[in-house]
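Below you'll find the structure, written out as structure tokens, and then a few comments.
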Amino acid sequence: MTDTLNLVVITGMSGAGKTVAMQSFEDLGYFCVDNMPPSLLPKFWELVKESGKVTKIALVIDLRSRAFYDGIIEMLSGLDNTQFVTTKILFLDASDEELVSRYKETRRSHPLARNGRLMDGIHKERELLTEIRNQSQMVVNTSMLSPRELREQIFRVFKTSDNPSFHIEVMSFGFKYGLPIDADIVMDVRFLPNPYYVAEFKALNGLDKPVRDYVMEQPATEKFYQQLTALLKSIMPGYLKEGKTSVTIAIGCTGGQHRSVALAQRLADDLAVDYPVDVTHRDMKKRKESVNRS
């Protein structure tokens, strides 16, 4: 393996947000492992090197693995001295008062307070984590952060140009086959003139140039399309700000053959200027399959 492995170790106080952090790194394209005993790290690296396919890893290591926690600093330092691994430690913290509030809200027990008071467990954990906190490259106090705000902070620091952290799926479909259940935005274009009733277009679909030109040259189509693209371009930054990693835009006509296909394809091409876009024509082949079965 010639690529450098980017390793982020997520650790910190219990209840400070490690689960949210791990989910954020997953959305940034990291291979994530939760609660790995540090003693297994050397074997894990051997497997990673042999695979040659993983370049970004996030590990959650905390006092749930208390029996294995000793020596973690030395193990990470050993990895950091190689050309193969670049290591960063992200330590999540919160005030005692906020941690108590979160534990009371979730009604969970602290891993170090099973036979005692909650505050005793928190104080003991702080003591045990002092060394790794001091060694951390990044300490985030989450006391005043919502899960979304913590996610945004992680994205700002760790997002790189190759992160596939947001993409758009444009889908055409036919209402006669049902709404796509995974769509975030659904547009109904059945108000547009239907090429199905034009004899020379009936056997074609919206990817064929004659049909595409027919659909897009309609005055109602052009007006609708300009308004649609203006709307979508204005709201996409909001989806990004809220931390969404994907948006599915579904455009439907009666059978999913002509109007929706032509519009979905054009929309995908235009949005691809600014965002990663995939396009799917869900029902375009269904009429052909139906004819072949008859």
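Don't overthink the numbers, they just go from 1 along the chain as shown.
Cβ from N, Cα, C; glycine included.
Annotation comment: Swiss-Prot describes GLY12, MET13, SER14, GLY15, ALA16, GLY17, LYS18, THR19 as ATP binding site, evidence class sequence analysis. Under the heading GTP binding site, Swiss-Prot lists ASP62, LEU63, ARG64, SER65.
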Legend entry - Cβ neighbours of ASP62 (GTP binding site) where a neighbour is any other Cβ within 10 Å: 21
Inset, instruction - For GLY12 (ATP binding site), just give me the three-state DSSP call. - result: strand
Legend entry - Distance, SER14 (ATP binding site) to ASP62 (GTP binding site) (CA atoms, angstrom): 8
Inset, instruction - For SER14 (ATP binding site) and LEU63 (GTP binding site), determine the Cα separation and express it in whole Å. - result: 8
Legend entry - Neighbourhood of LYS18 (ATP binding site) by C-beta distance under 8 A, where only residues 6 or more apart in the same chain count: ILE10, THR11, GLY12, VAL60, ASP62, LEU92
Legend entry - Among GLY12, GLY15, GLY17, which are binding-site residues, the residue with the most C-beta atoms within 10 angstroms of its C-beta: GLY12
Legend entry - Per DSSP, three-state class assigned to LYS18 (ATP binding site): helix
Legend entry - For the ATP site built from GLY12, MET13, SER14, GLY15, ALA16, GLY17, LYS18, THR19, further residues of that chain with CB within 8 A of the site's CB center: ASP62, LEU92, ALA94, THR142
Legend entry - Cβ contacts of MET13 (ATP binding site) (under 8 Å, same chain, 6 or more positions away): LEU92, ASP93, ALA94, LEU99, ILE122, GLU125, ARG126, LEU129
Inset, instruction - Do me a favour and check the Cα-Cα span between LEU63 (GTP binding site) and GLY15 (ATP binding site); whole Å is fine. - result: 12
